[in-house]
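Colleague: Following this message is one structure expressed as structure tokens.
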Amino acid sequence: MGKQAEIAYYSVYYFTGILNIMEKFSNIAQLKDSGLKVTGPRLKILDLFEKHAEEHLSAEDVYRILLEEGVEIGVATIYRVLTQFEQAGILQRHHFETGKAVYELDKGDHHDHIVCVKCGEVTEFHNPEIEALQDKIAEENGYRIVDHALYMYGVCSDCQAKGKR
């Protein structure tokens, strides 16, 4: 490796280390801001959700992924932390057709979900027309929407192509 390549390599390595440290401080601050004590299991679980920010994870998924990473946290602790994170507004809980709870980071943006009934793939979307229609329906019935969740179920294009209709 040439001198410039070596400098570039170590610069990236150093910068990545700095980013990891900043992320850890961010996680600690997020827990403290939520009124939660900073513990090892909470930090590990929050870190896992940040690494899998585009996914919806069940408690069993969290347990499995942590075990694969060599981290042993009991299932009861995982359930307790997920509930605490939901109550603190760190995670959102959903119940798709499978019946089991899945969680995602609460990114502060509203979105809806369409779920494949064959493979379980979840696609997030936001449609202003649907949002406006929901507001209109609520208003026509004397309501003001304070919260809602829209889950649509169908068969994704991959499963359609495989003939899993």
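Yeah, the Cβs are placed from backbone N, Cα and C, and that goes for glycine too.
Nobody curates TrEMBL annotations by hand; they come from automatic prediction.
So TrEMBL lists these for the protein:
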- HIS110, ASP112, GLU131, HIS148: Fe cation binding site (BINDING)
- CYS116, CYS119, CYS156, CYS159: Zn(2+) binding site (BINDING)
Colleague: Check the Cα-Cα distances from HIS148 (Fe cation binding site) to the binding-site residues CYS116, CYS119, CYS159 and tell me which is shortest.
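Modeller: Closest candidate to HIS148 (Fe cation binding site), judged by Cα separation, is CYS116.
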Colleague: When you rank HIS110, ASP112, GLU131 by Cα distance to CYS119 (Zn(2+) binding site), which of the binding-site residues ends up on top as the closest?
Modeller: ASP112
Colleague: Which of the three DSSP-derived classes (helix, strand, coil) applies to CYS119 (Zn(2+) binding site)?
Modeller: coil
Colleague: Counting only other Cβ atoms and using a 10 Å cut-off, which of the binding-site residues CYS116, CYS119, CYS156, CYS159 scores lowest?
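Modeller: Selected from the binding-site residues CYS116, CYS119, CYS156, CYS159 on minimum Cβ neighbours within 10 Å: CYS119.
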Colleague: Could you give the Cα-Cα distance between GLU131 (Fe cation binding site) and CYS156 (Zn(2+) binding site), in whole Å?
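Modeller: For GLU131 (Fe cation binding site) versus CYS156 (Zn(2+) binding site), the Cα atoms are 23 Å apart.
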Colleague: Which chain-mates of ASP112 (Fe cation binding site) that are at least 6 residues away have a CB under 8 A from its CB, listed by sequence?
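Modeller: Those within reach of ASP112 (Fe cation binding site), by Cβ under 8 Å and sequence separation of 6 or more, are GLU124, PHE125, HIS126, ASN127, ILE130, ALA149, LEU150, TYR151, MET152.
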Colleague: Within 10 Å of the Cβ of HIS148 (Fe cation binding site), how many other Cβ atoms are there?
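Modeller: Taking all protein chains shown, HIS148 (Fe cation binding site) has 11 Cβ neighbours within 10 Å.
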